[in-house]
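Here TrEMBL flags 27-45, 52-73, 93-121, 141-161, 167-187, 199-220, 226-249, 276-294, 306-323, 335-353, 359-379 as transmembrane segment.
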Amino acid sequence: MGESERPSSETEAGEASADVESDPLELFFDLVFVFAFTRVTAFVSHNHSWAGLIRGVALLAALWWAWVTYSWLMDTAPTESVLSERVVILTATAVMFVVALAVPGAFGDTAVLFGVAYFAVRALHVGLSVRTTHGRARERFLGLVPGFLGGPALLAAAGFAGEPLRAGLWVAGIGVDYGTLAVGGVAKFDVHVEHFVERYRGIVIIALGESILAMGFTVAETDPQLPLRVVVAAFLGIVYVAALGWLYFDYVTLAAEEYFVGLEGYERGVVARNSYAYLHFPIIAGIIFVALGLEETVAHVSEPLGVISAVALYGGTALYLLGQNAFRVFDAGSVSVLRLLVAGAVCLSIPVAADVPALFALVGLVVLSIALVAVETLYSPLRRAVLED
């Protein structure tokens, strides 16, 4: 958040397309989150329980909000072109890598390291944001600093606490973090729509890519002889990830951007906060839990998924679809009844998916996703309207 260094109008943006695209520094920063997401998937895989699943959500929430704060900062500040600011971002990237390394023991042996490193990442964000804002923009940002540092401070304190205090500090820390923008407001914060939307498209691609990595590493580690059933499962997994990507990139994000561009000032800030910072979290979380389900599927192709893995694969799919629907409601003012029905059907199918061989459970999702893509591609009025524009 800060005063603009990027083109602020559509015309200016069109004349400087390089400013719309993510710059190399942003892409390098994002690479750490590829690793961080894989660590969360591994954490839940090794803590295969309801408690592990809940802690995985908490870890994702913390990692997501770190990315969100930097996405907003790098949207408005010239972090690539100013040497001192580039150094700060690279430092934050290195510390974020330490955070990712500490993820598996974030509630155990490396809890202190995770909390302290996470606080350092967020403190670097606050310091650079103050440096790159001026006048009233700086005053507005300073009003958010207690929340932006208070939430991470609670997570750092959690590293020194035992249960159940640690769990309480995590809940409080995430609540403070996510509540800061809701309470503090986003009035007149700068948002450069084309670049901002591009950043969120990029992080969705990263999450989808993590799904592919999770499957690939699991196959390489558990069954390097590549029996046919594993190859089929991996192939179907890629098809499924592609279908999930299609459902986001085909027209949903285009419709949202079309609405976003037409707004100004405060309304832009509200959409940036609600549609992107908040409502992209269930989208990202859904993808990461699908990755966990796919990992378990290729590891145990002929065995039942079990409840936790079925909840990850099927529940993650439903969360992804519901997150997209909420995103669409807020931006386009309409709801996809078809996606709601599919999300409901997927949730109702979890008990069956838990008991049948994992490959069969995946086949069911692939068939359903391809059918959803086909129906929307052929018959969606919103898709037709967006693509005709």
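Indices start at 1 and increase along the chain as displayed.
Any Cβ shown, glycine's included, is placed from N, Cα and C.
Caution: TrEMBL annotation is automatic and unverified by curators.
Source: prediction; values computed, not measured.
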The transmembrane segment (226-249) touching the transmembrane segment (93-121) per 3+ Cβ pairs under 8 Å rule: no
Paired segments the transmembrane segment (199-220) and the transmembrane segment (276-294) in contact, 3+ CB pairs under 8 A: yes
In contact by Cβ distance (the transmembrane segment (226-249), the transmembrane segment (52-73); 3 or more pairs under 8 Å): no
For the transmembrane segment (335-353): best-contacting stretch of 27-45, 167-187, 226-249, 276-294, 359-379, by Cβ pairs under 8 Å: 359-379
Leading stretch by Cβ pairs under 8 Å, where the reference is the transmembrane segment (27-45) and the options are 167-187, 226-249, 276-294, 359-379: 276-294
Whether the transmembrane segment (359-379) meets the transmembrane segment (167-187): three or more C-beta pairs under 8 angstroms: no
